[in-house]
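*Asks:* Quick one: the structure is below, questions incoming.
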Amino acid sequence: MANNIIPNVSSGDLVGSTPTFPPNAVVRGDFLYLRDVDGNQIPGRTVSDGDEITVLFISNEKNIVLVQYPTSSGYRQGYVTNATSIIKYKDDYSWVNGSTPEPVYDFDKTTQIGTLDPRERAVVLYKVDGMTYVAYDTGKGKLTKSGLVHYEGSGSSTGGGSFNGVAPGEVVPGGFTYENNAEVVGDELYLRDANGNLIPGRSVSVGDKITVLDVGYTKQLALVQYPAGDVVRQGYVTNATNLIRYFNQYSWHNGSTSEEVLDENGGHLGSLNPYEAATLLYEKNGMKHVVYDTNKGPNTKSGYVKYEGAAATRVDIPYPSITNAQKIVYGISGRGRELAAYKVGNGSNSLVFVCAIHGWEDNWAADGIELTRIGNGLIEHFQNAGTNNWSLYIIPVANPDGLSEGFTNNGPGRCTIVGAVDCNRDFPLGFSPGGVPRYHSGSEPLSVSESKSLHDFIQGVKNRTSGEMCVIDLHGWEGAAIGNPEIGEYFRNQFGFGQRSGYGDNRGFMIGWAKSIGAKAALIELPGSTKSHSDVVNGRYLQKIINAVTNLIGGSGGSSSGGSSFSDVSYEATGEVINVQSFLNVREGAGLYTNSIGQLRQGNKVNIVAKNGDWYKIKYGSEYGYVNSGYIIILKNNTSVKLEDWQEDCIKFGWGPITKEKYLEYMDSTRLYKSIENDISQAIKNKSLINVINPLNFSVSEMIACTQIVFNNETTSFFRDEWYSKSNPNFIVKYKKLSNGQIIVLDRINIKKPEKLKTKIPKAAKGAFKDTIKFEFFKGIDGWFTAISGAISIGSDLSVFQSNGELKSNEDIAKALAAAVIVNGVETMFCAFLGGFIAQCIAPEFPIVAAVAGAIVSAIAAFAIGYFVDNHEKEKYLMNSFKGLIDYLF
C-alpha cells in the first residue's frame, strides 16, 4: 500500500509527536491489540480505552484498520481489528452524496475500488489533495471500507465532526446555530454520541434552553445544542419527548394535500398528511425544519418541508361573567388552555350542555364562537335563575384550541390543533380510527386531551347523579335535533326544525356514547340559514335556547321577546355611562336581544328607577328603557330610607343631623369597617385565621383588598380576578380588566370614614412595628426552622443577623427566607406557619394588619406552589413576595 499520503513505517513504529491527520475517532469500552498488515498480533503493543486515534485506512478484505495512536514517546502507527463497537468516530455520516453515483478511489486517486449510491452517506476521516477520504458501509456491515472521493458532499465536516463539524460533547464556535426552540423539563438528559453511547461528564440540565437540530427516527436520538457555562456544546440525547418541551409545539400546519418531508439535500424522508400539525424547529435554505409525530409517538422524526404552513385565524375566546356559578377546570387542551365547565344549581338531576366541540362549523371562519357566546349566555342567565332540582354543567367551548387557532372546517379548527382529531368522532362507541381530515380520529378512542377530558367529566357527573341525566351537544348549522326526541322537542318548538333519527353511535359521536352510559342525549344543529353573528342575534337564538332549557328542567322561562326573567325592583339612583367606546344601547326590555330604542354615549348621566337582574331601568326621554349595569357607575344613591332608621343610626353613631345622601354614604362605609373588623378579629380570636382567610374565598378576598387600600395607603389592589382602585378618596371602585384592555366596573364601595365611628383598626399599617417586635418576629422564624428539623438551617440565626445589623435591607431578609424555604422544600409548612405566627406576634394590638398579612402569606403559598415548577422561578417569586410582605409589616 505504498503511497505519498500515509507514512511508510512498520506496525508499532513511531510517526512523530503528532498524527498525520487530526484524530477522527476514539477507542471506548475496551483496549485493542496492535497487529501487522496481515492481522498478526504485535506483542506488547495495545491501543488503550479512551485513546483518541486517527483512522487512516479500513481494509474491507481483512477487516482491519490502520490507525495512529498516542503513546508516552509519541504517536505510533499500526493495525487493529475493525471493532466498530469500540472505535467511535467523531463524524456522524456528515458526508452526503449528490443525485448521481460517486466513484471511490484508492490512494493513487485513479484506481476505482467502489461506488457510493445517490444520497448515500459516509463518515469523513480527513481531506487531502482536494479529495475527501471517507469510511462507508458495505455488505459486511457499517464502516467496513474506506477510500477517496472527489465530491465534497453536502456536509460541512472536515473530519472528526458531526453537524457543522462539531463532535458530540465539543464546543460550538460562535454559540447557538439557531435560536433556542425547546427546554429540558423534569429531569436531566445525558449526552451521547451518534450511536447512543454515553459521553462521560456531559449532561443537559433541567431548565436548559436548547436548540434541537435533528430528531433521528431509527435511533430516537435528538441532536441538540445546549448551554455549558460560558460556551455552547453539541451532542445527542435520548429523544425523551416527556422531557423535551418545544416552544412552538404543533405551530406548523399542513394544507389540504400531502407534504413531502425531505432531508437537507432533497432526499425523501417521509410525508405529512393533509392538515397534519408539526413543530417548527428552524428555517434553512428556504425550507422549514420540523419535527412531527410517527407511529413511535409524538415528535419522533424530523425533516424539511417546503410548504410555509397554513395561517391560523386568531380568535379571542369570550368568557362568561360569573357571579353565582362554580367554575370547574376538567382538563387542559393540547395547546395548554383550560377546559372549563360552569356549574349552576345543586339538584339531584344533571344536565351537561356542551358547546363548540367543533371550533369551526361550516358557514364562516371560526363560527363556533357563536356557540361559545350562547354557552356564556346560558351561564349568565341561569346563575341568577332557578334551576329547580337540577344541576347544570355548561361548557362554553370544548375545543378552545380549534376555535382560537384553527384555520379550516375540514381539519384543525373543526378538529383539535394538537392531533387534528374530530372530538365528535373520537368517543368509544362506534369508533373508527383515521378517516379523512374533516372527521379524523386517532388510532384509538379518546386520543386527544379534549375528548378524553370531556369523556371523563361527563362520566364523573353521571356517577354523582342520583336522578335524571341529560347531555346536549350544540352545533351549527344543519337545522335539526338528533338523538333523544324528548329533548329534541324542546328545541324544535323554539326553532321549528325537524327531528333526525339515530345517535351516531356507529361513528364515535359523543351523544351515542352518553346514551350508552344511561343519559338522555341529543345533538342540536342550529338553523342552516345562519350566515353571520347578526343572524344569531336577530334570530334570538340565545333566548330560544334559554326557553328550551328552562322548559326541559321544568322552570319558568325567560321572556319570549328576549328579555330578562327577572322583575323590576325599585331602586333610585343617578349614574354615569362608562367603558363605552362607541355607544350604549337603550333597550325596550331587560335583555340583550330586545329591541334598541336609543343610544347613550360615554359620560352621559342617567336617572335609574329600578333594577332588573343585570339591567337598570332608566328614564329615557318621555319613556323608559333598560341599560346593562356593567356600563353604569352609580354617582348618587337616591333610594328612600325610613326616617326612624335614619334618626336612630345618627344618634347611635353620634353623627348628628346629616342629609339622606350623607347618611347612605356613612352607612355603606360603616358596614365595610365593621365587617372587616368583626370578621377578621373573630377569626384571630378563634385561632382559625388560616382556615378563614382563604385566597379562593371571594368575600374575604374583597375584604382583604379593601383593607389593604384603606389602611396601607395603597392606590390599587388585586385579589382573585378583580381589581380595586382608590382613585377617589371617598370610595373604592371594583372592576375587571378584559384581555382587550377594556375595563368593566363592577361596584363602588364607600370608604369615607365617619368622624365619630370608633374602630380598633389603625389608620395605617406602615410604621406600626417597633424594633423589639421585629426582633421577636425573626426569633420566631428561627425557632420554627430549628423545631421542624435539626437538619434544616438557613446558615445563620436571622434574629442575630437582624440585631447585629447584618440584614441591611428588607430585600436581604426576603432573599434569606426564600432561599431557606426552597432549599429545604418546606414552602407549604412555612407559609402556613408564617400566616399564623404573624397573627400571634401582632395581635391583639394590630389584629387587622395581622389578618391581612396572614391572608397574603396564604395567597403567596397557593400561587407559588400551584403555578411554578422550576425552583429558581419559585424562589424568585417567593423572594419578591416576602419582600413585599416585610415592607408592608415593617
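Each residue, glycine too, has its Cβ placed from N, Cα and C.
Below are the features I grabbed from Swiss-Prot:
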type: DOMAIN; residues: 22-84; note: domain 'SH3b 1'
type: DOMAIN; residues: 179-241; note: domain 'SH3b 2'
type: DOMAIN; residues: 303-549; note: domain 'Peptidase M14'
type: ACT_SITE; residues: Glu525; note: active site, proton donor/acceptor
type: REGION; residues: 815-869; note: region 'Hydrophobic'
*Asks:* Within 10 Å of the Cβ of the residue listed as 'active site, proton donor/acceptor', how many other Cβ atoms can be counted across all chains shown?
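*Replies:* I count 20 other Cβ atoms within 10 Å of it.
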*Asks:* Calculate the per-residue pLDDT averaged over the domain 'SH3b 2' (179-241) and state the result as an integer.
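*Replies:* Across the residues of the domain 'SH3b 2' (179-241) the model's pLDDT averages 94 on the 0 to 100 scale.
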*Asks:* Provide the three-state secondary structure of Glu525 (active site, proton donor/acceptor) computed with DSSP.
*Replies:* strand
*Asks:* Please work out the helix, strand and coil residue numbers for the domain 'SH3b 1' (22-84) from the DSSP assignment.
*Replies:* 0 helix, 38 strand, 25 coil
*Asks:* Let's see if you can do this one: DSSP helix, strand and coil counts over the domain 'SH3b 2' (179-241), in that order.
*Replies:* 0 helix, 37 strand, 26 coil
